[in-house]
Amino acid sequence: MVNAGAMSGSGNLMDFLDEPFPDVGTYEDFHTIDWLREKSRDTDRHRKITSKSKESIWEFIKSLLDAWSGWVVMLLIGLLAGTLAGVIDLAVDWMTDLKEGVCLSAFWYSHEQCCWTSNETTFEDRDKCPLWQKWSELLVNQSEGASAYILNYLMYILWALLFAFLAVSLVRVFAPYACGSGIPEIKTILSGFIIRGYLGKWTLLIKTVTLVLVVSSGLSLGKEGPLVHVACCCGNFFSSLFSKYSKNEGKRREVLSAAAAAGVSVAFGAPIGGVLFSLEEVSYYFPLKTLWRSFFAALVAAFTLRSINPFGNSRLVLFYVEYHTPWYMAELFPFILLGVFGGLWGTLFIRGNIAWCRRRKTTKLGKYPVLEVIVVTAVTAIIAYPNPYTRRSTSELISELFNDCGALESSQLCDYINDPNMTRPVDDIPDRPAGVGVYTAMWQLALALVFKIVITIFTFGMKIPSGLFIPSMAVGAMAGRMVGIGVEQLAYHHHDWIVFRNWCRPGADCVTPGLYAMVGAAACLGGVTRMTVSLVVIMFELTGGLEYIVPLMAAAVTSKWVADAFGKEGIYEAHIHLNGYPFLDVKDEFTHRTLATDVMRPRRGEPPLSVLTQDSMTVEDVETLIKETDYNGFPVVVSRDSERLIGFAQRRELILAIKNARQRQEGIVSNSIMYFTEEPPELPANSPHPLKLRRVLNLSPFTVTDHTPMETVVDIFRKLGLRQCLVTRSGRLLGIITKKDVLRHMAQMANQDPESIMFN
């Protein structure tokens, strides 16, 4: 609790303003929170509620409501995040199909829904029904021929451009923070940084609407990363309704960690994977209580999405698959090769994307975000339409690549030459020689793979919502499916080779190409994000295949090893550094032998440290010091001669305390003495009333000695979430180390530009 104090007119000593004045304890934009202070304030609040609960029944009920408020917030987050995800899925489904045609019976039906309602649809021609008409059929009454193809091509491009233009315009005008994935910023916010408006109501609304538009436009991006941002916006909104969270930035971040778990839960239909993703990838402070609440929020979100049933298959995701064949030890070699490919793709993508984003920041390219989005959308649509694997939505593509070829599949990938004497059950079809359709699909997939690899580098980071999970999985799934078909055909034609002899007899169903697609998807996603545990859990929740955990683990670990050999940063950490956010990554190691005295301010030749004395400065002196400097706080010492440390006072609280004292207390003028001691200093009889500010003073600031190794200092900053740390020798103040100084020093030691840490 932070108050100001003063002498009353009658001469009695009192702490001025027993109740906290407005805005105390809040932080300015682009500043870091003080985790220790927030924790201490929450402990005081809890102690106060517990002691009051014994006074009356009403106070006891209030304490119960306070204890349950956390679970209520989680319930609300889960309900809203699940509902929004369901609405986004349904809208994307409809608008993606709108690029190709329209339903005559109800224009708001997607292609699949339209044909469900038609009585004239047959199983063989389930994708064709009279109620669904392509644009060429509707406009010029032609379904085949060059003119129909060109008209459909043009309509596809025009719809894609319209959706992309609307999305980038809405983001630019109403919510600039709605662009990008959102995960790098959420990681930074969860580490204690304040970015006002990033999780606001406008950002939530615009991100939800524009996410539908950009995914429907056919750009090489996904909705999964932005759904984490959307869920965190929901978390921020509901936490602002409860004073327990709205007045404590540390507690608010516990809610946001749980919201991130709910976001992944609805993005992938993976509640457990969501909790692990929040723990492994985004959260900075994750106590056990947050683990339980994250689990509850993810559960409610998944249940809500399941109730909406956006895909009509009673599943939480579009690409749920079931395989009927076990994997064999010999297949570990191609799985590990896919892991190597995933690591190399991750490295290529991160380097290419960061180079392009840096170019966007430092050249005129960044001044024309709308034009950039339009150009990339036009190029994507023009190249994507002729290839059936890039024309459809990326989620549908992954779904087809994951699928096992059953007897009822009509995909080109399942165009095998069947044995007319086959009498096996439907779900256990033996390996067969590839037909013409499979070979056509292979070269189309190869072209689609090259296109996806290149276009995703330029798409991620534009001024529109853009997720990376789905494009990365698509790249891996395409590569994996091609490898899977290759291994399958090798096993069929050379089953007498020693590798295949033990487990692949003629007429057996040995190799599942869909499994290779799944392993490739995991490898590429791991290579880009460097996730491991949460990635494997998400993938097996996606597919329902517990027995395929080992191949997924092998691919995920291999891709991480290969990618880490070229650079330790995942895509989110790379974007954090590119944007200069003050993020101390717990995964980074500091191994240099420097001391606190090498990093602290002031250095040699710099002006002395700005300090406050405990009882000899006037209100005017302090106001002048605040006006002439932009520091976040000031050490308080006994006197300028002794420099013996008393405590630390925050800039914002000094300003508020002086402002409130001037407004609400008589006798406080510019030459009033300010003191931080219990008793006022001895003053001449005619001097104005002194101002007591003992209550804004932190009497236990974190201190280290000048010979403390920087390795220890960095560890303290990471684990305690400090804003600053004072450097002393025998109780005498020598200097100060801020979080920004630590980040600058780490950048310098890594031969990077220390001035790239832009924010306070």
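Using N, Cα and C of the backbone, Cβ positions are placed for all residues, glycine too.
Which of 195-215, 300-320 counts as transmembrane segment depends on TrEMBL, and there it is 195-215. Two recorded stretches are said to be in contact when at least 3 C-beta pairs lie under 8 angstroms, sequence spacing 6 or more; the transmembrane segment (328-350) and the transmembrane segment (153-175) fall short of this definition.
Confidence across the domain 'CBS' (697-755), taken as the mean pLDDT and rounded to a whole number, stands at 89. Shown for the domain 'CBS' (697-755): DSSP residue counts in helix, strand and coil, namely 24 helix, 19 strand, 16 coil. In summary, the transmembrane segment (153-175) lies against the transmembrane segment (195-215): three or more C-beta pairs, each 6 or more positions apart in sequence, are under 8 Å. Outside the transmembrane segment (515-540) by six or more residues, the chain places 264, 268, 270, 272-274, 276-277, 279-281, 321, 323, 325, 327, 334-335, 338-339, 341-347, 349-350, 398, 401-402, 468-469, 472-481, 483-484, 487, 546, 548-549, 551-553, 555-560, 562-564, 569-572 with a CB less than 8 A from a CB of the stretch.
Under the criterion of 3 or more C-beta pairs below 8 Å, with sequence separation of 6 or more, the transmembrane segment (255-279) and the transmembrane segment (370-387) do not qualify as touching, having fewer than 3 such pairs.
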